[in-house]
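First up is the structure itself, then whatever we jot down about it.
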Amino acid sequence: MILKHQTSSRKYAIRHSVICSLIVLFCASVLSALVLVLPLNAYPEYSNSKKFSTISMCLGTMVECQIDGAEFQDVSLPVYLPPVRQAGTHVATFQLEFDRADIDSDVAAIFLPRFADGLRLELNGDPISPNTDNFERYKDKPFTRLWHLPFYTTFTERRLKETGNTISIELEAYNFTQITLSPVYIGDAFRLRIANQFRFVARNGYIRVAFALQVGIGGFLLLLWLARREDTEYGWALAANLAACLTCWHYILPNTPFSAHAWTLIWNIAIQVYIYALYRYSRKVIKLPSSRVTIVWVTAFCLLSSLTLCFIPVQQLAVGLTYYHIGNGLLALSVPYLFLVNLRSNPYINAAHFMIFIMAFSFLARDFIYIYVDPDRAIFQMGQFVPLLVFTIITGLLLTRLAISLNQAESLQQTMKQTIEDKSAEIVAKENQLAVTRERHRIMLDLHDGVGGQLVNTLAYMRGKKRSDPVVKSSMEAALRDMALIIDSLEGYEDLSTLLGSLRSRIEPLLDENQIRLLWHLNGTPNIETNQRSNNLSIIRIIQEAITNAVKHSKAETITVSSDDRSITIIDDGKGFDLQKARQKTGTNSGMGLEGMKHRAQEIGIDCHIRSTPSGTQVQLLWPT
Amino acid sequence: MSKETSTPHTVLIVEDRIYTAKTLRADIDAHPALKAIAMAHNVADALQAIQQHRPRFVLVDLGLPGGSGIDVIDAVQTVSWRCECVVISIFGDENRVLEALRAGAKGYILKNDPHRNIGKQIMDLIDGGSPMSPKIARLLLKIAQSGVNSHPQNDNDIPNLTGREMDVLQQLSYGFKRKEIAERLSVSVGTISTHINSIYGKLNVNSNIEAVIFAKSKKLL
């Protein structure tokens, strides 16, 4: 039975994870598809400008291609020349021709929205790109990587010919990167300048701002982490943030003091660190039980793949990076997957995380397609938007979580405060009760040791004197019994039966003295709301009175006390008395008298029936049903 | 018995009321097996008298000037010779009597009962026939019943009574005599006495019964 249950729950778990995987894939593909088919035209037509979508291309440097017979072929733009297996760099030269009349503007300019990597530009044989005005001198130096910027420059009017102007573009790239050239615009300087600025803002400018913001968020995460070291999710978010900053730096300044190869390794591994840190962050946020095995596997995978990447020869780096990022993509996909599978543990926070990570994944997938699969399918890169987007959302979610925690803490505090108040009140009440109990106990002891001791002592004295007044003696004995009765009632026994039992043990000396037999037939006692201390006292008083009356006045031989759930009855076999006469004697005797008994019974809501015949007397206390 | 007649048990009376003490002394001396050797009227005198006279029994009142009879009982527990305490009480004092029994008193007798010979009561007690009042029975029953629902760790504080012993306590609390209980439960009087002695035996453990009663009644446990 248990086994069956286990298998069925495992089956359910498998089905559950399959469904979740499908949802992740579905969301990722829908979002990616949406991003892919977004009507983002990266290279629109600009007014008063001419867009060149075809260009003649020669695989070689500008100098090599100036030789007669150099092979030029027409290619359509954008063009992407894949990485090559040869050592060093690869170069291509592009040429296009235009007439002055093509430009419907007084000031002419050229605008390259996108190219890679190093750029040399000539108009009619004159260099116009700033880095290349003296290019023989820089021939042996590494070229300046400019892929992250658009290029824009105006033409000097005197250099322009009426017809047959030639633009030569030489592009150089490392063997593991591709040569890229977007359509070339020549036309109105003002219009193209705006387009250039827009391009700049969308790529490099945006990333610079994003970088600054990320550093700020990093500082915030650092503070959070320092404040709550045990919540390692802040630490992992911080790690992801640092890795993202490193990758962003590549967009800001692609040229570093290291070799291009080393830097490429660094910023690509930073991408993996970013994903790995987000994975760890996710496990923490979801509060998954720390599974050492899983962590070890994931960490080993990352370390091994990064290490392998480092040892791949530079010619194979492009291929290596492709597989490297496929692996990273799988790891990245597990992040939204985790949030989806554990949606129930914290629905809103986890759903928000799922959405943002699926979106980030699709953006990165688009970049992957652009770089490694086919640039034409994703002509517009979007990866640069991921880090800031993710960190803004993450920070927002962390703040939300913090606010929720604060609310919970406050309400908990409120509850605790309430509990403390309640408990305090309870303690005060208990202390009061305790004080009352103590005081009652003190009175009881005073009665017992003081009055009781005095009465016993006096009785002992009278016993020693031999000749003592029997009325005084019996009155003192009655006083002693009464005192005991008061103590009994003060002690607060809940049930009448114990009080009746106590009464019996007290009354026994009196019965022995008068040689009266007591029959004790207790079959339960009335147990109703009259069981309050003062009520119990009254009931016992009435019974004590009935018994002492029988002892003193009836000349009875036997007294029977019986009880059941509704009544207590005292019967003697004495000579009885005249009820009428007895009533008139009320108050003259030491006891309370018949009227007193009835009156007391009435006060606590029970009936007292007294019947007396010459063969005996019956006093019955009857509780209402 | 003949041995006891030849050398009567020595008794120290600790009672602050002079006439009560005198009556007790007369009653004890009237019994051939007992001899009152001294009287003390407060705790300090009593402690001194115990050392001085080395009595076999100490008859002790609980409400004494300058301390409680419990102090005397405590002192008696540490003496080197065989010495036992018997509490003398009036009535309506069962809580304190219970405390005294727990402190090590052998039993208790009622001092205001001229019709029951004090000497005989003491001798009965020596032979193991301690009386048990309805209220003491009720108190013990309450403690035992509270123990049923409590944690096992607290077993030390609660006498572990058998079902039969609880039945006997129940009947005692209703005021029934041993003979009547024997009839009601269809056993011999001797069996009932055995039960009662067993209950006293279980009571005489070093535990804080008062605390348990208080805790139970205040629902702290």
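Just so you know, glycine gets a Cβ as well, placed from its N, Cα and C.
TrEMBL annotations:
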DOMAIN    B:10-126  domain 'Response regulatory'
DOMAIN    B:154-219  domain 'HTH luxR-type'
MOD_RES   B:ASP61  4-aspartylphosphate
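Taking Cβ-Cβ distances under 8 Å and a sequence separation of 6 or more, the neighbours of B:ASP61 (4-aspartylphosphate) in its chain are B:VAL14, B:GLU15, B:ASP16, B:ARG17, B:THR20, B:GLY69, B:VAL87, B:ILE88, B:SER89, B:LYS111.
Per-residue pLDDT, averaged across the domain 'HTH luxR-type' (B:154-219), gives 73.
DSSP assigns B:ASP61 (4-aspartylphosphate) to a strand in the three-state reduction.
Counting residues of the domain 'Response regulatory' (B:10-126) by DSSP class, helix then strand then coil, yields 52 helix, 31 strand, 34 coil.
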